[in-house]
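Asks: Take a look at what Swiss-Prot says about it:
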REPEAT    21-113  repeat 'Solcar 1'
TRANSMEM  23-52  transmembrane segment
TRANSMEM  90-114  transmembrane segment
BINDING   95, 107, 249  ADP binding site
TRANSMEM  125-145  transmembrane segment
REPEAT    126-215  repeat 'Solcar 2'
TRANSMEM  193-213  transmembrane segment
TRANSMEM  225-245  transmembrane segment
REPEAT    226-311  repeat 'Solcar 3'
REGION    249-254  region 'Important for transport activity'
MOTIF     249-254  motif 'Nucleotide carrier signature motif'
TRANSMEM  288-305  transmembrane segment
């Protein structure tokens, strides 16, 4: 009973200590920096997605598939127009604003739970594990709320049609069409493997970044180039480690809206097995180099977030 009472008292105290202003600042700083960076790297993002899903796209025949990142960059403006590089970007910004903002905001709240009373100087491994846990939990929580928008972004970016040949005319049309054909399940296809991937990615993304910065003598006054270097390494490593999960979830997303006879993967496990068997393990990393370049935007988000918080 004593432990239960102590737990309740601790939770009550945490509720009273909740900083509403700080929460809003976290939300605003994370959202603004994310929206700016995602728009800047949108062309790379679209190339990466096309390389990931073209193998099962109904719009891209085997002889029309992109040979690689450079080929994709050259052909997109020729075949679909220059502005098509930003196809799906609006959905991405709308999705990314709450996603990143919630990630950053809840990350700090989870840190209160996992890192309360932990001394980083004398309890390094507990501090490290707490950062991993808070980062992973924040990412998974956010994903539950915004997955349909992530789904729509993927389908819009994968749409290679031009004019009347496009599969979807926009965000609303995409969500409506899939909901009518597949129901809410269609909008959450690939959710399971997404949660697995997001936990791995966010755990590394936030965990290693916060741990590295926490080990610096004066984290708040760290030169921006050092913060940038740390962020760049973190986003690259996290992206490569979780990339196969991302490829599988994108492939699963591409199946929504298809007739039963056109469905390629029975479930997530079948998707993993089929890709490995038919395309080889290298297929799990298609577009990975584009993802590393895109990671520059992710590193920019982390650094810009810290800078905006200083202003706010």
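Each Cβ is built from the backbone N, Cα and C atoms, and glycine gets one as well.
Have a look at these and tell me how they're positioned relative to everything else.
Replies: For the repeat 'Solcar 1' (21-113), the number of residues in each DSSP class (helix H, G, I; strand E, B; coil) is 80 helix, 0 strand, 13 coil.
Residues 66, 68-69, 72-73, 76, 84-89, 92-93, 96-105, 108-109, 154, 157-158, 160, 246-247, 250-251, 286-287, 290-291, 293-294, 296-298, 300-301, 304-305, 308-309, 312 of the same chain, all 6+ positions outside the transmembrane segment (23-52), place their C-beta atoms under 8 angstroms from a C-beta of that stretch.
Below 8 angstroms of C-beta separation, residues 14, 17, 22-23, 26-31, 33-35, 38-39, 42, 45, 129-131, 133-135, 137-139, 141-143, 145-146, 149-150, 152-153, 156-157, 170-171, 174, 202, 206, 210, 301, 305 of the same chain, each at least six residues beyond the ends of the transmembrane segment (90-114), sit close to that stretch.
Long-range contacts of the transmembrane segment (125-145) within its own chain (CB-CB distance under 8 A, at least 6 residues past either end) are made by residues 98-99, 102-104, 106-107, 110-111, 113-115, 118-119, 191, 194-195, 198-208, 210-211, 214.
Counting same-chain residues at least six beyond the ends of the transmembrane segment (193-213), those with a Cβ under 8 angstroms from any Cβ of the stretch are 103, 107, 111, 127-128, 131-140, 143, 147, 150, 219, 222, 227, 230-231, 234-235, 237-239, 241-242, 245-246, 248-249, 252, 268, 271, 298, 302.
Here the transmembrane segment (225-245) has Cβ contacts under 8 Å with residues 193-194, 196-198, 200-202, 204-205, 208-209, 212-213, 216, 284-285, 288, 291-292, 294-296, 298-300, 302-303, 306 of the same chain, all six or more residues outside its ends.
Confidence across the repeat 'Solcar 3' (226-311), taken as the mean pLDDT and rounded to a whole number, stands at 87.
Within the same chain, residues 49, 52-53, 56-57, 151, 154-155, 158, 189-190, 193-194, 197, 265, 268, 271, 275 sit at least 6 positions outside the region 'Important for transport activity' (249-254) and bring their C-beta atoms closer than 8 Å to a C-beta of that stretch.
Across the motif 'Nucleotide carrier signature motif' (249-254), DSSP helix (H, G, I), strand (E, B) and coil residues number 5 helix, 0 strand, 1 coil.
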Asks: Which residue counts does DSSP yield for the repeat 'Solcar 2' (126-215) in the helix, strand and coil classes, in that order?
Replies: 75 helix, 0 strand, 15 coil
Asks: Count up the helix, strand and coil residues in the repeat 'Solcar 3' (226-311) according to DSSP, in that order.
Replies: 72 helix, 0 strand, 14 coil
